[in-house]
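Colleague: Let me begin by handing over the structure; questions about it come next.
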Amino acid sequence: MDTGSVTDGSSFLSLFAALSYGIASMAMVFINKAIIMQYAHSMTLLTFQQLATALLIHFGRRTGYTKAKGVDIPTAKRLLPVSLFYNANVAFALASLKGVNIPMYIAIKRLTPLAVLIAGFFSGKGKPTTEVTLSVILIAGGVIVAAIGDFSFDLPGYTMALTSVFFQTMYLVLVEKSGAEEGLSSIEIMFYNSFLSLPFLLFLIIATGEFPSSLALLLAKSNSFLFLFILVLSLVMGIALNYTMFLCTIVNSALTTTIVGVLKGVGSTTLGFVLLGGVQVHGLNVTGLVINTAGGVWYSYAKYQQRRIKTVKVMSDLESSHRK
């Protein structure tokens, strides 16, 4: 067996998964902004996305286009915490936006890599390398520096945003654990997440009062081709985003997924400056973004080298065992 080809294949899959998630996540930011400008019922949109995901995978399985297995009750019970943490993350994130401005919200959410690193250490994954630890600290430091000029204290909003970080951390760690221990593919985890999310989301849109006004607004706008196009595009990209996120988490790690999210945030912010204009750039913001990006590049290189060395070592051990 060619050790080099196996190493290259593993590295390519890791890179492809990370890039796919980054591109899908960045595109989703602008698509969501476009649809929210016309349809502000965000929880109803999330419900539509999860429903579309579940139906697409179900029909794909029935027609033979996907190899995803049907619903298994024991597996569903084990994955229920994944779905609950996912929806709790979304719910607290949306609620925090009522009292926290967008730059500060993004800054708080970008602290997720540090939380994932700490959670991984206490869950038995072991101590990360010095380079990985320092790069994540550098990312967090850059976020803080970039956000200093945007701080406006709102205790309920900050509390909900930090709670969202906690739920997102637990969610990503559980996704990584589920993919490794359950032997589930990214499509199967995505199906279970969508299927199990629906009852919780239906309860939320009723409890928050979005329904039935959200349905009435949808019917009123159904004669607009542009609105329908953006709505369908948001549903499709929602599926693509969930798939690439699960794929990146399983192929790489929960920490890698959060780092890609951090770099995506930097790219989205920069692109937003170029496309939208009218945004004042402060020295602290630029300095923080530079520090943040440098930490992300450092982390990516450290993880690539770590994975490459590990793969080469495993293949060398296998070849040695075959010679005996």
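For all residues, glycine too, the Cβ spot is worked out from N, Cα and C.
TrEMBL: automatically predicted annotations, no manual curation.
As the structure is a computational prediction, the values presented were derived from the model and not from experiment.
Okay, so TrEMBL annotates it like this:
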- 23-300: domain 'Sugar phosphate transporter' (DOMAIN)
- 12-31: transmembrane segment (TRANSMEM)
- 37-59: transmembrane segment (TRANSMEM)
- 79-96: transmembrane segment (TRANSMEM)
- 102-122: transmembrane segment (TRANSMEM)
- 129-149: transmembrane segment (TRANSMEM)
- 155-174: transmembrane segment (TRANSMEM)
- 195-219: transmembrane segment (TRANSMEM)
- 225-243: transmembrane segment (TRANSMEM)
- 255-276: transmembrane segment (TRANSMEM)
- 282-301: transmembrane segment (TRANSMEM)
Colleague: Determine which residues of the chain contact the transmembrane segment (195-219) at the Cβ level, with the cut-off under 8 Å and only residues 6 or more beyond its ends counted.
Modeller: 39, 41, 43-44, 46-47, 50-51, 54, 71, 76, 79-80, 82-84, 86-87, 91
Colleague: Can you give me the average pLDDT across the domain 'Sugar phosphate transporter' (23-300), rounded to a whole number?
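Modeller: Within the domain 'Sugar phosphate transporter' (23-300), the model's average pLDDT equals 77.
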Colleague: Establish whether the number of Cβ pairs under 8 Å between the transmembrane segment (79-96) and the transmembrane segment (225-243) reaches at least three, counting only pairs separated by 6 or more residues.
Modeller: no
